[in-house]
Amino acid sequence: MPRDYYDILGVDEDASDKEIKKAYRKKAMEYHPDRNPDDPEAEQKFKEASEAYEVLSDPEKRQRYDQFGHDGVDSGAGGGRRGRGRGFHDIEDIFDAFSDIFGGAPGGGRGRGRSERGRGRPGSDLRVSLSLTLEEIAEGTEKNLRLQKYLECESCDGTGAEGGMGGQNFSMCPKCDGTGEIRQVSRSVFGQVVNVQPCPRCEGEGRIIDNLCDDCGGEGRVQGEESISINVPPGVMEGNYLTLGDAGNAGLRGGPSGDLRIEIEEEPHEHFERDGLDIYYDLHLSFPEAALGTEVDVPTLEGEARLEVDPGVQAGKILRMRDRGLPDLEGSGQGDQMIRVHVWTPQELTAEEEELLDQLRAHDNFQPRPPEEDTQKSFFRRVSDVFS
């Protein structure tokens, strides 16, 4: 038998949207698969919390659930469900279309029904940059961020009124009679035209505050600092971003919080250049090493590794170290580490060194010649031969 959605989130049946959202965020952070790898029970609880929030955050679905239970929201009842979990994107889903690696507020929770009219105005979104090393990108990492932002005023529970919801500090707006709207009806040759605008007296809230909170001056929010912890999956790249729903600035007088968008930046690396999933490293060899072959230790993202260089390697040759690059964000493969060979030529020689090199220069093996694949006639030369 399916568990009760209110029990899953740990809230009462008369819980407000704000309480439901807060409970869901707590459960999601506690049971998120990134925080509980290889824990099937935590993954199941995360899915249950997500399913419960999808229903209880939607006024229409919640009404059907309250009236008919699970039958009211299961497939085929009351219009059916749109697919489990599709109403939101969590930190894994942000990479689905990855220009959206980090995309979307849970449960479409920014929308509000008519019963929530007057719960303040939404807070603005925040954008921050997160700088990562290639090593962190390769392994995935957990980062702590300290944010300067608007926080909900604790003194008034975000209402802007002294004493919060428990106080008798609100009265119906006399201008709009609590509707939050001003309707103006005019007549034209086409009939009646109704113009609806937010009430300027109560700013569309339908109520006015009689006694303002001293701490926030009636805004329901104060400036402060908040620390958050985020899990960055392996394989992200410059320009990707994470979106954490409801982690932006708190709204005015109980309005929903904005989102937090975390944009990924890659730190320059002392050894490597990135090209997609591959990384490039420049290997400098002396002339004898290139001619005779050698074994060298080269840096990789996992530490030093031994590389064997065959005799006669040419400058510009690309050597490949398989699976030493970066992982694919969606887990479908691993890049390689590419080694660009550079042959170093000495600029100052002793008389003895000049004599040795002069002797070598006379031998046929030291005369430059093109690689085997270049000894064939070019396409244009072969075409020319046909018509000559």
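Positions of Cβ are set from backbone N, Cα and C atoms, glycine also.
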Stretch carrying region 'Disordered' according to Swiss-Prot (options 254-280, 362-388): 362-388
Given a separation of at least six residues and a C-beta threshold under 8 Å, show me what packs close to Cys153 (Zn(2+) 1 binding site) in the same chain. Gly160, Cys213, Asp215, Cys216, Glu219, Gly220, Arg221, Val222
Quickly jot the same-chain residues contacting the repeat 'CXXCXGXG motif' (153-160) by Cβ under 8 Å, restricted to those at least six beyond its ends, or write none. 18, 120, 169, 209, 212-216, 218-222, 250-254
Near Cys199 (Zn(2+) 2 binding site), how many other Cβ atoms are within 10 Å of its Cβ? 20
Apart from the site residues Cys173, Cys176, Cys199, Cys202, the 8 Å Cβ neighbourhood of the Zn(2+) 2 centroid comprises Pro174, Lys175, Asp177, Gly178, Thr179, Gly180, Glu181, Ile182, Pro200, Arg201, Glu203, Gly204, Glu205, Gly206, Arg207, Ile208
Please report, as numbers and ranges, the same-chain residues at least 6 past the borders of the repeat 'CXXCXGXG motif' (199-206) whose CB is under 8 Å from any CB of it. 117-121, 172-176, 178-182, 253
Same-chain Cβ contacts of the repeat 'CXXCXGXG motif' (213-220) under 8 Å, 6 or more residues past its ends? 120, 152-153, 155-156, 158-162, 250-255
